[in-house]
Amino acid sequence: MPYPFSISPHDMEEHLVQEDKGPVLRFITCGSVDDGKSTLIGRLLCDAQLVFEDQLADLRHGGIRGGNGEEIDFSLVLDGLEAEREQGITIDVAYRYFSTSKRKFIVADTPGHFEYTRNMATGASTADLAVILVDSRQGILQQTRRHSYLASLLGIRHVVLAVNKIDLIDFSEPIFDAIVAEYVRFSAKLGFASVMAIPMSARFGDNVVSKSGKLPWYQGSPLLEYLETVELDAPDRQEPFRFPVQLVMRPNADFRGYAGRIASGKIAVGDPVIVAKSGLRSSVRAIIAPDGNQISAAEGEPVTLVLADEVDVSRGDMLVDPASRPFVSDQFQAHLIWFDANPMLPGRSYLLRTETDSVSATVTVLKHQLNVDSFVREPAKLLQMNEVGVCNIMTQRPIVFDAYKENRSTGNFIIVDRVSSATVGAGMIDFPLRRADNVHWQALDVDKAARSALKNQKPAVLWLTGLSGSGKSTIANALEALLHTCGKHTYLLDGDNVRHGLNRDLGFTAVDRVENIRRVAEVAKLMADAGLIVICSFISPFRDERRMARELMGEGEFIEIFVDTPLDECARRDPKGLYKKAFAGNIANFTGVSSPYEAPENPELHLKTMGQEPARLALQIEEFLRSRMEEK
């Protein structure tokens, strides 16, 4: 007997394919809070006799405990967590699979709360169809528009508009027609291939599995029948072969295979393949599946490929069809959905992960934000939680990808915060930027080592960070004078001075502060490449940007120096009168007052300035630098 499971989507689909080689329909349910999404899926499974009797008994017990009397609370089929039951909401995406005599299904129940839109995006990323629920009493709401837009953005082509709780409006045809007309009107801009509207009552089962006698005016199919028979995209639109290598298999010296799951397309013994990044060519000599050798394999299958030639292939490479190669680039345009409570800041360094790559990346340009309610492009300097933007992204090294609209498997990515390791965004790649192909590194005969040898010194970047008024500039100035007397070649980059020229166009918002440090770090890198000892005196309040600066430099070149002066002392000194203005509310985004300062957690040098003369602190830095240089 078929029954619902709660396991990962990949494992579900593999299990279903092994049961029967027929296609699987992957769909999501989404809508506003309390529209009845979990109740609908629970009713669907129960009425289709896909829930065991002992599970039904548990549901009856849960219904009584939940205050619902003897009536079964079908939402509890999916809402398995105690916290969910107590709060009466679905907290995260719940995956289940089931099958009928006509089709097999994977369903994702996604939350309707505004702050959980990211989970809806997770559920939609692999779905073929979206069941979007609408409360017949409330009609089309903001979340209906939001979820419809995200479904379209994430590549879903087919929609069922489930007008639920039809019993609460006395099965009214005019109200149903008005809701459908409004939805069709606004969704016409979203490019869905089909929209099927079904009036239903998930609570009482009307038009869920069986056609309801209470809706004689409705001539269409009930939900389950429609899901069993809906025609999806034509199978002749075959996506090209993409095989991310997850593991190199070397059980002995005579065998070398490449294990992974086929992301898209199909492959057969004898087919030519190419390593996407290197361009090395070969052909498939053997395909090894869990049950043994086979002649061919297709999307979703875990296999080990053995190649006919000895080519350099490593974990993270991608084997592809030579006739339809993916893009390999370090710059591209993408649609980005932001998940995190902390905003996305252009210029900040994040981790970007794809099927094959994990690489440092920066949003170089936020072109605009997309209003998911009105579909209007709006100017923006950052993205807040649940917002969608179109941006240019640059990665530290080239990555392999397809356009998302052509291949969802290899056209998506996630953004990870470098500090917390939390997933903070997800994106869909539109196209590579031509500039990436037109700009190349010029080979130079004189390198950093030659320039450093000429100066008889090793380059370094001394990065002084601390609050305004902490003494950074005074110490930095004394340090440069000291190094100059020692015959060292230096340059001092000061936070105020660079804002008179290079960064004169930047303000003091979080976005501009990030860009300020990005530019300075790049300049410091060039100066270090020239063989100089670079002294940087900047508040640089954010750890992420200081980490970015460190990663730009050579190993051991970056020395973070925390100029630690208490806020009260900085405010007392107030050499430029800025604290007085900030405390009076006349300066916005002032570090330490109205904008945060993230102190270094593990600096190379921690200078506590209270009771110390700047010259003595400068000497302390010089001594540290000298000892560091002697170690190299």
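Note that Cβ sites are derived from N, Cα and C of the backbone, with glycine treated the same way.
The domain 'tr-type G' annotation in Swiss-Prot covers 22-236.
Under the heading GTP binding site, Swiss-Prot lists 31-38, 109-113, 164-167, citing similarity to another entry as support. Classification of D34 (GTP binding site) by DSSP places it in coil, neither helical nor stranded.
Sequence annotations record features per position, and here Swiss-Prot assigns region 'G2' to 88-92 based on similarity to another entry.
For 109-112, the entry in Swiss-Prot reads region 'G3', with the evidence type similarity to another entry.
Summarising the annotation, Swiss-Prot assigns region 'G4' to 164-167. As a whole-number mean, the pLDDT of the region 'G4' (164-167) in this prediction is 93.
The annotation region 'Adenylyl-sulfate kinase' is assigned in Swiss-Prot to 458-632.
Taken from Swiss-Prot, the feature ATP binding site applies to G466, L467, S468, G469, S470, G471, K472, S473. According to DSSP, L467 (ATP binding site) sits in a coil region rather than a helix or strand. Non-local contacts of L467 (ATP binding site) by the CB criterion (under 8 A, 6+ apart in sequence, same chain) comprise I539, T565, L567, C570, T591, G592, Y597.
Taken from Swiss-Prot, the feature active site, phosphoserine intermediate covers S540. The Cβ of S540 (active site, phosphoserine intermediate) lies under 8 Å from the Cβ of W463, T465, I517, R546, A549, each of these being in the same chain and 6 or more residues away along the sequence.
For the ATP site, the Cβ centre of G466, L467, S468, G469, S470, G471, K472, S473 serves as reference, and the other residues of the chain with Cβ at most 8 Å from it are I539, V563, T565, C570. When the alpha carbons of G471 (ATP binding site) and G31 (GTP binding site) are compared, the span between them is 55 angstrom. DSSP assigns K472 (ATP binding site) to a helical segment in the three-state reduction. For the pair G469 (ATP binding site) and G31 (GTP binding site), the Cα-Cα distance reads 52 Å. Taking H, G and I as helix, E and B as strand and the rest as coil, DSSP gives the region 'G4' (164-167) the counts 2 helix, 1 strand, 1 coil. In this structure, the binding-site residues under consideration are G31, G469, and the one with the smallest number of other Cβ atoms within 10 Å of its Cβ is G469. K37 (GTP binding site) has S468 as its nearest neighbour among the binding-site residues S468, S470, K472, S473, going by CA to CA distance. Across the fold, the C-alpha of G466 (ATP binding site) and the C-alpha of I166 (GTP binding site) stand 62 Å from each other. With a 10 A radius on its CB, S468 (ATP binding site) counts 26 other CB atoms from all the protein chains.
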